[in-house]
């Protein structure tokens, strides 16, 4: 058979056998060189309810057969019905009836974001101008029956967010994040902060009313999941959270709109996609306590950050040594730095994050810095930061908003956190060096807590929805908690913002520095505080501030600094500038694995779905690739 299209009587086979139903087995026995039986049988009739149609090239049918999975259920079955209407158009009086152009244009407008999310071009056979007709020319609406059914089943209740509570592969995660960002392009976009050891993207989704840039006085907050690849619940919760924020903002949820309009949120659902790949291959029933925990280099990412806590302990009694914004020791770069760690460090340094949470599994508790004991020989020793009270309040916010974390009768996985109502100082729990939370605090302005979501690191899918219900309010409350304490702008006498100025609080030996435009944020609990702002070559300005208990937003405290002669200390102790030294000897490139990185880049030249079509035995569908 050399033809690519055949006329087929759907319902009655015209040939040796005649029956009430189409005998697909007989037809396939004469065409086995051209088609896979399962694919053809699913697509031959195409659920269009037609009695006579034309059968086209099979690659288009193959696309329609898998479109539901490719788009993760979005715009399906609409795309399939529309495709069938073109590829298997109905006939009347031996004349083909085209589907309506208005239907095609409406569907393309609603679904183009889903194709963009998986880097797939809009299929050529759904070209609204070429293969569809206007109402005046005479056409039919292939979605008419579906629309009628939808109208008849409409509920008087208000629309709500729908989330599929299942596990997602890495490819599905990337698709979901891109699709979510495209769907809510006015408040969201995705960006990559780097690649894993095996070349997988470390993809972040951002939510704000002006995506892609920092706004003056708008605090930045981040959530990180799946740092340990086998601790998967946090990864799933963050994916659900991204969908929830997008949907609820669109539906007019006032609380969500307020959060997004006043906060810049960054979500890294998986910091260790390579480890997840290993853990997911075993599944939740077989996965052990450690399989997939580390990255592909067998590095524990939460032990791989610079140990700045030891530097802090050594120098905390020196009057001239800063104990905030501690630079990364040059010696660190001569060890093995994971590409995931490197990417996250650059990310942390690039944005003025105010607070953060890293989601883990294995316990039910919120821990906060320091994670490394002030006496290294002590495995469990209370080791507070200068911001102990702010950290406790931050941890308390999540634990108290969680459905069960702060309950005294909650199962604690064998530990005893019920006495502290679900929060604990990290080093008092168990001490370790090189953690991400300590690094955030000592190298930047950011206060990060660690949220242990439960005893089971890899729960069954049946537990995903209950866990979402337990954690949703805690996640939203955590976002809202960034709007406390004080914020403001440090300016010169001409009104220009001063980058890198310091704002200190009397009694708390940890300063914060101003961002690019001179704005700053300082998490503080209610009470009276003495603030001082200063910058190189400028005067010091001190203000007394009272924060009442009933404040529901950060207080605004601005400073105007006057130029003065530089302090002699600026010449004697110029340690601050070394903060800018990041991998000064390019050691990371030396220790990275170029082969794996190049393979990852090569793999990304074609979308993840390309192999499915290119290995189908037919000509690869280059028409599905988006033009650059």
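Numbers here mean position along the shown chain, with the first residue as 1.
Here the Cβ of each residue, glycine as well, is placed from N, Cα and C on the backbone.
Unlike curated records, TrEMBL annotations are generated automatically.
If you check TrEMBL, you get these features:
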DOMAIN    70-142  domain 'FZ'
DISULFID  104-128  disulfide bond
DOMAIN    166-482  domain 'Peptidase M14'
ACT_SITE  452  active site, proton donor/acceptor
Give me the long-range Cβ neighbours of residue 128 (disulfide bond): same chain, 6+ apart, Cβ under 8 Å, in sequence order.
101, 104, 105, 108
Non-local Cβ contacts of residue 452 (active site, proton donor/acceptor) (under 8 Å, 6 or more apart, same chain)?
360, 361, 362, 363, 364, 365, 366, 367
Once the chains shown are all counted, how many other Cβ atoms turn up within 10 Å of the Cβ of residue 104 (disulfide bond)?
24
Looking only at the domain 'FZ' (70-142), what are its DSSP counts of helix, strand and coil residues?
31 helix, 9 strand, 33 coil
Whole-number mean of pLDDT values that fall within the domain 'FZ' (70-142):
83
